[in-house]
Amino acid sequence: MSVPNVDPSHQSNASANEATRPSPAAEGLDKSGERVREMFRQIAPRYDVMNHLLSLNIDKWWRRKAVQTLKIKGDDPILDLCCGTGDLAIAIADSAGSDVQVIGSDFCHAMLEIARVKESKRTRDTAGGSGRHTIPFLEADSMALPFDDDAFQCVTVAFGLRNIADTDQGLSEMARVCKPGGQVLVLEFSQPTLPVLKQAYNFYFRHVLPRIGQWMARNDKSAYEYLPESVGKFPCGDALAGRMRDVGLQHVTFRPLTLGVATIYVGEKPGGKTDHAEMAAHREREALVAT
């Protein structure tokens with residue numbers, strides 16, 4: 001098994017890189033790196049509870065569905081970026097088996113500290129960690145990942161893409177570090193497809209959740225306003241699938257979950273064995289037509 005090289009200069013500059021990047025005006029939110037990092041630093045101890053509130057406690061099932069979507073082959077490593085407190089990375093590691101190295105990256109140190117505690121407990125509880133890779137959780141800029149091109153068989157992100165200052169740059173980096181033929185997977189909140197549910201969910205987001213946030217929050221009330229707003233303004237469905245295609249991914253599909261409250265998007269990086277087989281078959285068909 002090969003473990004991707006990490007460029008320490010990228011890792012050490014993660015905070016500076018994201019802090020100085022401007023926020024795109026198109027989505028109408030201040031997603032500058034310093035603002036988002038500080039927000040997540042403040043809510044890190046309650047982040048898991050926040051996700052349960054946002055998802056009405058269905059987020060664990062969504063993650064299981066995301067893991068089941070991955071086509072894990074051989075022992076090539078897997079990257080989960082914007083990993084937060086580590087739930088998806090740990091779920092992937094539990095599913096992938098002991099031969100596959102899973103790596104988590106995030107730009108918020110406080111979130112990574114919680115992920116490391118979870119990982120330490122996981123390795124203790126599973127046969128003492130015998131024969132099992134420990135997940136390294138690295139502080140890194142998702143718009144300038146410190147990994148070589150074509151390093152991972154799968155690159156994933158759950159509930160984090162909408163928080164990257166430049167969505168397209170984040171997707172581009174995911175595609176860059178993915179191996180040809182590998183998968184890029186996004187699990188993200190989206191807009192419910194059923195009109196009645198959409199109306200109820202929007203009411204929950206705009207009126208119920210902020211009140212819960214005010215009760216839970218101390219100095220971080222803005223986080224409980226930003227997170228629902230970021231969901232409402234983030235592209236979903238065909239719009240996000242199109243942006244995945246724009247960064248060079250192919251065979252992009254998406255699957256709404258829980259009537260569209262969340263969606264799994266999957267794309268493939270061109271250049272894998274399947275592509276070569278398809279090209280060979282195409283050439284054979286052309287040769288037959290020519291004769």
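Cβ atoms here come from the backbone N, Cα and C positions, even for glycine.
Per Swiss-Prot, S-adenosyl-L-methionine binding site is recorded for Thr85, Asp106, Asp141, Ser142.
Here Swiss-Prot flags 8-20 as compositional bias 'Polar residues'.
For 1-33, the entry in Swiss-Prot reads region 'Disordered'.
Here Thr85 (S-adenosyl-L-methionine binding site) comes close to Ala44, Tyr47, Asp48, Met111, Ile114, Ala115, Lys118: these same-chain residues lie at least six apart in sequence, with C-beta atoms under 8 angstroms from its C-beta. Just so you know, the Cβ of Asp141 (S-adenosyl-L-methionine binding site) picks up 27 other Cβ atoms within 10 Å once every protein chain is counted.
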